[in-house]
Amino acid sequence: MSGQALAQLEGVREDAGGFDLLAPDGTQYRVDVTDGVFDPHNPLLAGYVAGRRVVAFVGPTVDRIYGDRLRAYLDARLEPGSWSVHTIDSGERNKTLASVERVCAIAKASGLDRHGVMLAVGGGIVADIVGFAASMYARGIRYIKVNTTLVGQVDVGVGVKTGVNALNTKNMFGAYHPAHASLNDPALLATLPAREIRCGLAEIVKMAVILDAGLFEALEEHPDAFLRSSDGALETYVVRTSMRLMMEELCPNLREHDLARLVDFGHTFSPVIETAGGHRLEHGEAVAVDMALSAHLARLLGLADAESCRRVVTLLRRIGLPVFDPATCTPELMTQALHASWQRRGRELHLVVPTGIGKATFVERLEDVPAEVLRAALDALAREGRTS
């Protein structure tokens, strides 16, 4: 196909079964939405791994809930002796190089060659660990994700980044390694605890604030989405809209050649909130605090009106997410977070702040966030946090 023809196909295309992405650099991958992913009559997963050795990895909770169904599916659809399932520790504290090495050791002991497939079944942490292992094993092999959490389906499951924490820094080591396929079954979300759902909703709020006022308004009307009895129509709209928005935003800049990214809303202060807090807050909870702080900064810097700021913070609170963490939301630590982001982003701040609902901009320089403004934003959040 000619370069001109490829250029015409670039972008994200949605169909009834999911999304296809073709990036300007030629990277392409599929994100599927399917019912009954572990039903032996569903050929989707088997079709992606046919004729290859498969080494699957699951966390303990996923193994307890879905392990039997996963094994029954692989047993029914794949050749005997061509697959194995292994449990690995999940949780942010296990997102380490040691976990990646363990995955690679299991793969080697299982006879996985360069034509084999690593299968990650779980949330974002399992996907990050297994994806990073796949990027290095035999200089890079195919891997597939079955995303079982809301964060996994709307965030980790639609991008190409993998990584682990190291040197007291979140995602210090990692690789851009697109999954061969990313499979999402809405029914898998039904077994999630409320806290996991809320963390996923934080990432959805992120996309709504920066890109889609309609999605934001839907969440304002139903902050209990995924936690209520319903026919699932709203939840389908929310998940698919979030997936599409994220993929469309990632596509032109898949490997982050441009470090100014709107999807980094909520991800400037949150790495320090997570790390300094000993991962007491989940990732989505730290992102929520970051978004609330960024909304107040936008208000104080004259980039957003008070009503937009109020709506962002109020929605987060109505969902049940924190908007302030006394142990980490100190001027000292949040200044440290700004400097760390400035350094990580090529000595440009690229702080994403809302300018309204469904739109955002960047604060580019450290000096554009004066110490007194940061302190005032934290004071405002502290007052709101006390009334939660």
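Counting begins at 1 with the first residue displayed.
Cβ atoms here come from the backbone N, Cα and C positions, even for glycine.
Taken from Swiss-Prot, the feature NAD(+) binding site covers 92-95, 124-128, 148-149, Lys161, Lys170, 188-191, and the record attributes it to similarity to another entry. Here the Cβ of Lys170 (NAD(+) binding site) has 21 other Cβ atoms within 10 Å, regardless of which shown protein chain they belong to. DSSP gives Lys170 (NAD(+) binding site) a strand state.
Within 10 Å of the Cβ of His283 (Zn(2+) binding site) there are 25 other Cβ atoms, across all protein chains. Residues annotated as Zn(2+) binding site in Swiss-Prot: Glu203, His267, His283.
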(message) Check the DSSP secondary structure of Thr148 (NAD(+) binding site), expressed as helix, strand or coil.
(response) coil
(message) If you compare CA-to-CA distances from Lys95 (NAD(+) binding site) to each of the binding-site residues Glu203, His267, His283, which comes out shortest?
(response) His283
(request) Fewest other Cβ atoms within 10 Å: which of the binding-site residues Val126, Ala190 wins that one? Let me know. (result) Ala190
(message) Helix, strand or coil by DSSP: which one applies to Glu203 (Zn(2+) binding site)?
(response) helix
